[in-house]
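According to TrEMBL, the features are:
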- 39-288: domain 'G-protein coupled receptors family 1 profile' (DOMAIN)
- 23-47: transmembrane segment (TRANSMEM)
- 59-76: transmembrane segment (TRANSMEM)
- 96-118: transmembrane segment (TRANSMEM)
- 138-156: transmembrane segment (TRANSMEM)
- 195-217: transmembrane segment (TRANSMEM)
- 238-258: transmembrane segment (TRANSMEM)
- 270-290: transmembrane segment (TRANSMEM)
Amino acid sequence: MVNLTSKSGFLLMGFSDDHKLQVLHALLFLVIYLLALTGNLLIITIITLDHRLHSPMYYFLKHLSFLDLCFISVTVPQSIANSLMDSGYISLGQCILQVFFFIALASSEVAILTVMSYDRYVAICQPLQYETIMNPSVCRRAVIAVWMAGALSGLMHTTVNFSIPLCGERVIHQFFCDVPQMLKLACSYEFMNEIAVAAFTSSTAFICLISIVLSYIRIFSMVLRIPSAEGRTKVFSTCLPHLFVVTFFLSAAGFEFLRPPSDSPSAVDLMFSIFYTVIPPTLNPVIYSLRNEAMKAVLKKVLSKDEFSQRKMYFKAMFKL
């Protein structure tokens, strides 16, 4: 164990004290991280390059992929490095940055999922007004609001959390600086401000969840009126992936943050943290690609030999210029 008496950082316990298991964990996380990077970068590239996907739905999807890319990069690389070096130490500065970006990106993800559900509601329930309501200016302002809301949430949590005096050992039973685990290190009755901030954030997330649920109630009631089976299938192919992502992310995160912290952390605690920190950014590209016909068509075109040759010739011409 790292000697923390002369250091201001924390000790992340991670998954195991056995170095062989730590290396195995690092390799597994590395594979998952590379898959997440590849999938999200592919979605960002495809949406950027193909003009047929320059619509509000794919504009928001591109930002969701970028959020996922950043979100998984906040925790996983640090965990991989700690496992390979057989050291769970993280400095105070690194921990502060990790908490800020983790909370900010998680809050932004909830916000953009809410915006995406509203976009689907307008597209399906008010198709004649869709281009007017979801015009480019509105979409840009919505994305700016998403990032600002996330940054504000991260700033509030970080400021309050790191102003709390710590009375226990600086040992965190997680593979990253997890706020609920850090609150266990606080002195008695000294973390009421953090609870107030957490309550405010939870209330905001609950409002987002209610907005998403109401949007999909209206969407499904409208879809059931569509006489064409092909039309219903087309709507479901764009809505079900988003609904699955929202349900998975919010349920896992909500369970982890709302339940009381355990005095004896177990493998179950670590598994639930993986469910909302690692799995969603990795699965989101797969879910949106496999269930979305437009994405599949563009992906096949991009990966085809003819398209690849055209792109290659285009870039050669650009470099010659």
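Using N, Cα and C of the backbone, Cβ positions are placed for all residues, glycine too.
Please treat TrEMBL annotations as automatic predictions, because they have not gone through curation.
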Criterion met for the transmembrane segment (59-76) and the transmembrane segment (138-156) (at least three Cβ pairs under 8 Å): yes
Overall pLDDT of the domain 'G-protein coupled receptors family 1 profile' (39-288), taken as the mean: 83
